[in-house]
Amino acid sequence: MEAGNQTGFLEFILLGLSEDPELQPFIFGLFLSMYLVTVLGNLLIILAIGSDSHLHTPMYFFLSNLSFVDICFSTCIVPKMLVNIQTENKAISYMDCLTQVYFSMFFPILDTLLLTVMAYDRFVAVCHPLHYMIIMNPRLCGLLVFVTWLIGVMTSLLHISLMMHLIFCKDFEIPHFFCELTYILQLACSDTFLNSTLIYFMTGVLGIFPLLGIIFSYSRIASSIRKMSSSGGKQKALSTCGSHLSVVSLFYGTGIGVHFTSAVTHSSQKISVASVMYTVVTPMLNPFIYSLRNKDVKGALGSLLSRAASCL
């Protein structure tokens, strides 16, 4: 069968987290609640930063981009899952699956690179405070965000371009709640060597190197904090880095957890449950981490909600 002749009618079946009919209402309610919290929480962060001129700084510019990416990441996965549960139809078309594969790679890449850029921003702020606004000027900030988006677009397109040449002639059931690239490759009956090689290469380049950059930035930050004589200066430096370091730990911790689970177990259900932490829980928790640990964000959110209440 030719690949070009398949794509017009090819459908995959997303088996989801559980095939137990009695669990479906609970799963639907849980994921709908988490999705609404994710969208609302990250949207409030974006609105708070946009409405408060005191937050128009590089740090919060990157944070608003991160919140936007988290909304998009959840949106590319959760709504389709909810529709499938509600309609009791687990099918997803080839093109919809391809689109989901693209965005489920694209947004995590953006998350990784934005967290790396934010680590560099904190490094400059703590280690070179007098030159911070000169180094982190609007032009550089815009360029850094543009480069992260460009890398994400090109990398995801490269994966998709290779995937479009695959021929599928096996069972089309995907034991997951979204179209994940590695599961799609397992269903192909054509050679997937190039696809697998690209996955390992890009995971190394876009996973390990950004992490090394973050570790290097925070090692320099820790060294600078130890040299500070003022306890107030140390406290301020720690507070500006604490939220970001918590988000980095959550993002990489859940991501590593998914890969570790995949390596030690062949249970697709356990892998899917681990993936929930990475794809759904992490984007939901990020705004809480920043709002609870950051006085400036809490103040901006309070002002935003007060103005919204006064308009009602």
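In case you wondered, yes, glycine gets a Cβ from its N, Cα and C as well.
Automated prediction, rather than curation, is the source of TrEMBL annotations.
These numbers come from a predicted model, not from an experiment.
The transmembrane segment annotation in TrEMBL covers 26-49 (among others).
TrEMBL lists 41-290 with the feature domain 'G-protein coupled receptors family 1 profile'.
The feature transmembrane segment is assigned by TrEMBL to 61-82 (among others). Using a Cβ-Cβ cut-off under 8 Å and counting only residues 6 or more beyond its ends in the same chain, the transmembrane segment (61-82) has close neighbours at 14, 16, 28, 31-32, 34-35, 38-39, 42-43, 45-46, 49-50, 92, 96, 99-100, 103-104, 107-108, 110-111, 114-115, 117-118, 121, 141, 144-145, 177-178, 247, 279-280, 282-284, 286-287, 290.
The transmembrane segment annotation in TrEMBL covers 102-120 (among others).
Counting only same-chain residues 6+ beyond the ends of the transmembrane segment (140-168), those with a CB under 8 A from a CB of the stretch are 1-3, 6, 10, 58, 61-62, 65, 98, 101-103, 105-107, 109-110, 113-114, 117, 181, 184-185, 187-190, 192, 194-195, 198-199, 202, 206. The transmembrane segment annotation in TrEMBL covers 140-168 (among others).
Nonlocal intrachain contacts for the transmembrane segment (198-218), taken as residues 6+ away from its ends with a CB within less than 8 angstroms of a stretch CB, comprise 109, 112-113, 115-116, 119-120, 122-123, 151, 155, 158-159, 162, 181-182, 241, 245, 248, 252, 255. Annotation source TrEMBL lists transmembrane segment at 198-218 (among others).
In this model, the domain 'G-protein coupled receptors family 1 profile' (41-290) carries an average pLDDT of 89.
Counting residues 6+ beyond its ends, the transmembrane segment (102-120) has Cβ neighbours under 8 Å at 59, 62-63, 65-66, 69-70, 72-73, 76-77, 144-145, 147-149, 151-153, 155-157, 159-160, 178-181, 206-207, 210, 213-214, 217-218, 244, 247-248, 251, 255, 279 in the same chain.
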